[in-house]
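Feature annotations, courtesy of Swiss-Prot:
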- D66: active site, proton acceptor (ACT_SITE)
- T7, G8, N9, A10, G11, K12, S67, F146, G147, Y148, D149, K169, H174, R175: substrate binding site (BINDING)
- E37, D66: Mg(2+) binding site (BINDING)
Amino acid sequence: MRVVVATGNAGKVREIAEALSELGWQLEGLNGLTLPEETGTTYEENAALKACAAALAKGLPALADDSGLEVAALDGQPGVYSARFGNRPNDTERNLYLLEKLRGVQDRRAKFVSVVMLAYPDGHVETYRGELTGTLLEGPRGENGFGYDPLFVPDGETRTLAEMTVAEKRTISHRGRALAALLATHRNGPPPRETVRTE
């Protein structure tokens with residue numbers, strides 16, 4: 001099956017391709033297609049905006065995800081606004097802004113959430129959700145990964161996501177869990193309609 005990956009991030013296309021390799025799908029990028037702005041207030045809405053637009057424009061199934069970091073002490077912020085948190089221009093600045101917001105805060109619990117959506121040109125969608133709980137440090141550690149990875153230690157681990165290899169991170173990450181649910185659903189062929197899975 002040919003599937004469009006609705007992202008401009010080549011690294012994300014590779015990550016998805018590796019996670020779903022056993023399905024034998026032919027994954028392709030956007031090839032110049034511009035996606036709509038993420039205006040949703042939930043991960044599901046933002047993933048749907050991208051996946052449905054790509055599926056309609058390309059006439060093929062399309063896969064998109066939206067993800068974010070939810071911090072308990074900040075009432076779930078930054079959430080769907082994680083990539084734009086504090087209007088900071090890059091990951092380093094967003095991490096510094098988050099640390100400032102958490103200065104003196106004892107409750108450092110947080111979770112990463114990812115919603116992966118597979119949309120078809122006929123309007124059918126499948127939704128898969130993955131979560132990873134953990135704790136935020138008071139300063140960054142590690143050089144791998146991106147986003148808030150240098151601050152986030154998953155429950156049961158001593159290293160941040162940025163201190164793990166890509167392969168290690170993929171096995172436990174929120175996106176990895178959502179993609180694993182999609183893989184499990186499609187392993188034996190297309191699933192029944194109205195599929196929603198959570199791992």
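Positions of Cβ are set from backbone N, Cα and C atoms, glycine also.
Most other Cβ atoms within 10 A: among the binding-site residues T7, N9, S67, that distinction falls to S67. Of all Cβ atoms in the protein chains displayed, 24 besides its own lie within 10 Å of the Cβ of the residue listed as 'active site, proton acceptor'. Over all protein chains present, the Cβ of D149 (substrate binding site) has 23 other Cβ atoms lying within 10 Å. Taking the Cβ of H174 (substrate binding site) as centre and 10 Å as the limit, one finds 24 other Cβ atoms among all the protein chains shown. Non-local contacts of G147 (substrate binding site) by the CB criterion (under 8 A, 6+ apart in sequence, same chain) comprise L69, S82, A83, D91, R94. Secondary structure at H174 (substrate binding site), taken from DSSP and collapsed to helix, strand or coil, is helix. Taking the C-alpha positions, the distance from N9 (substrate binding site) to E37 (Mg(2+) binding site) comes to 15 Å. Note on proximity: of the binding-site residues T7, E37, D149, the one nearest D66 (active site, proton acceptor) is T7, by Cα distance. Taking only the Cα positions, the spacing between H174 (substrate binding site) and E37 (Mg(2+) binding site) is 23 angstrom. A distance of 15 Å separates the Cα atom of S67 (substrate binding site) from that of E37 (Mg(2+) binding site). Here the Cβ of E37 (Mg(2+) binding site) has 9 other Cβ atoms within 10 Å, regardless of which shown protein chain they belong to. Across the structure, E37 (Mg(2+) binding site) and D149 (substrate binding site) are spaced 24 Å apart at their Cα atoms.
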